[in-house]
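Step one of this worksheet: look at the structure below.
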Amino acid sequence: LDALAESIAKLGMAAATAMLVTLVVKYFVQHSLSNKPFPSGADVFSDMVKIVIQTITIVVVAVPEGLPMAVTLALAYATTQMLKDNNLVRVLSACETMGNATTVCSDKTGTLTQNKMTIVEGNISLISFGTTEEAKNWKKEVKPEIVNLVFEGIAVNSSAFEDKDEKGNPTFIGSKTESAMLAFIKSLGASYSDIRAETNVVRMYPFSSQKKSMSCVVKSQGKEPYRYYLKGASEIVMRSCTYYLDSEGQTKTLDDSARAKFDQIISAYADKALRTMTLCFRDVSSSEYKRFTDDSPVDGKLICLGIVGIQDPLRPGVVDSVREFAKSGVTVRMITGDNIQTACAIAQEAGILIKGGLAMTGAEFRDLSKEEQTAAVKRLRVLARSSPTDKTIVVQRLQELGEVVAVTGDGTNDGPALKMADVGFSMGITGTEVAKEASAIVLMDDNFSSILKALMWGRVVNDSVRKFLQFQLTVNITAVVLAFVSAVASDDNQSVLSAVQLLWVNLIMDTLAALALATEPPSQDILDRYPTSKAAPLINVNMWKMILGQALFQIILNLTLLKFGAQLFHLQPKDGTLTPENLLVLRTMIFNTFVFLQVFNELNCRRIDDTINIFKNLMNNKVFILVQIVVIAGQVVIVQFGGQAFKTTPLTMQQWLFTILIGSLSLPVGLFLRLLPVRLIPIIPHVDEERQPLVSPERMRWEGASNQMILQNTFFEAIRKKKPCYDGGAKNVANDSVWKKAYGAA
């Protein structure tokens, strides 16, 4: 915009300088060749002042001082409206950047999901339950010692607590996962506060994003003086378990058969999009406790109590939002700390993970080389068991591919990724202050659908600036050329548009046009196109077509009226002489026609594409309508009552109708220009300004189907040769190149 404004200003200065030189030379040549006496010094000075005033006016009209105001107005209006959509914009430029976003890397918990977690299934001491009533039956079936272990492990190994919300209703404060567990034991009649009061906690190990677990050590009345409780991500915690507890309270060895059963439980819960948590414990001797450090306990030889499945349903509207993002050419990638099965199930439910899309863990992604990461990130849809570092790497690889990346984050560790992203979204409810400070936009409701609204407003800001440019450049070219040509062609060196009239035109095309075109609210059809490429010009092909076409039409029309308007409007008497009064009427009518050409062309400029219906959603923009009313009212006052100040004279009703009808010709000309194919205008080069996805969904689905065929062929080939396809471990599958493709696609 700065470069464009500078170029326009230079052209305006050049036109003004050329006009000044031409009029001064013409003035002295005319009077030198005239038979009349040469004007006095006072007359020459007065005429020179008039020429200079016209020249300065040309500069004022040509210099786009309204451009910064249009940008500021568009951003200010968008940010205030976005606040109503629960988006607090901290960095104004982020609003414009979001309009060109090509990728959204979103957290699952709290953004895609409701962050309202409840335990809906469980298998504790090898007894399963799926409802609250079944959980109560579980409590009756197992021994009290097991119930006490589960209740104590959940109550003390937690930092959540119960309090009242703003409405005075009881609610749990803290981690939603911990809150779900406390709510679970509360539903079974246990009081977490009583258990905490009766238990002496000697060490507390907060949740670790690396270990995906949290733990604590309490004093015990059992056979050992201490007891160690741990809960965390099932597939990680189970590696530290050596034993498990059955319904009789007997400690059994966790052999391959038992471990396979637990793996099946975890897999079944994950396939239902449930977050799985494993509860375990072990008794600790005094000598062993002394080896515990403040940073980490001594893991291993744990006894598995059981596994619970926690449900966190998708937010309403997430599926529709993901679909709208896809339609608008924006790829949504889910980055989560959940295990890969849970993440894939939720991503499939939300429409994020499609056939052919890649799902992998953070550890797998980190192990890839830079080139492999770049190749993988093109198809990456789900990154599970990820760390904040993984999120930063994903953002970096995407930006290296030319993507405009938006990232969501809520934790302190998300700060680097939020800073690195083109647009960082922090959570207003669950986000830390560090995350909010690092972000450009704060989601006040932590809702994924609010990001879609931010995308729409961002595109509106971009469109508003381009609409204003289209309108201003048309008026610029027309006004400068018309003023120059009419002044040079006239006998008195005066432009058909006076200096004050040009200042009114400048007000229309700068301040009022910026207000009208920068306050357009977003409509749903703004998502029917792909993002604008970084390499796309500020003024696209359709805009140039409209600017040059309208400017040429208006220049020819006004010069024609200047030449033949007296005959057309019946102002010239039979003797062919035009009286000063009729000349003033003619110039007033041309001025009125010029203004109404801009009024109707402003309707054309509501669209910067080839859309035929320029009146679509017009009634939604009350500011545009109000500005048009103000402009028309101001024009009526200037024409009817401007007099000597504006060099106008009152027009009759018939003359008003003539000028308005002629001004309205901007609309059919605009329609013709929209229907005119760009390829028929060789002077305007065609540049595809849309940014295509790195891998289109169609191609991804096709490749996914191809990979599935490879998988099936490999499977049947192995059967035919009587060789094992794989040994049952996903890790071994992923190590083979052919299987890795198929496994990733699946």
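Indices start at 1 and increase along the chain as displayed.
Heads up, the Cβ atoms here are built off N, Cα and C, so glycines get one too.
Feature list (source: TrEMBL):
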- 495-675: domain 'Cation-transporting P-type ATPase C-terminal' (DOMAIN)
- 12-29: transmembrane segment (TRANSMEM)
- 49-78: transmembrane segment (TRANSMEM)
- 468-489: transmembrane segment (TRANSMEM)
- 501-519: transmembrane segment (TRANSMEM)
- 551-571: transmembrane segment (TRANSMEM)
- 583-603: transmembrane segment (TRANSMEM)
- 623-643: transmembrane segment (TRANSMEM)
- 655-676: transmembrane segment (TRANSMEM)
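Using a cut-off of 8 Å between Cβ atoms, the transmembrane segment (583-603) and the transmembrane segment (49-78) share fewer than three residue pairs, counting only pairs 6 or more apart in sequence.
Highest Cβ contact count with the transmembrane segment (551-571) among the listed stretches 12-29, 49-78, 468-489, 501-519, 623-643 falls to 468-489 (criterion: pairs under 8 Å).
Sequence-distant contacts of the transmembrane segment (655-676) (same chain, at least 6 residues past either end, Cβ-Cβ under 8 Å): 542, 545-546, 549-550, 553-554, 557, 561, 569, 585, 589, 592-601, 603-604, 610-612, 614. Scored by C-beta pairs under 8 angstroms, the transmembrane segment (468-489) has its highest count with 49-78, from the stretches 12-29, 49-78, 501-519, 623-643. Simply put, out of 12-29, 49-78, 623-643, 49-78 has the most Cβ pairs sitting under 8 Å from the transmembrane segment (501-519).
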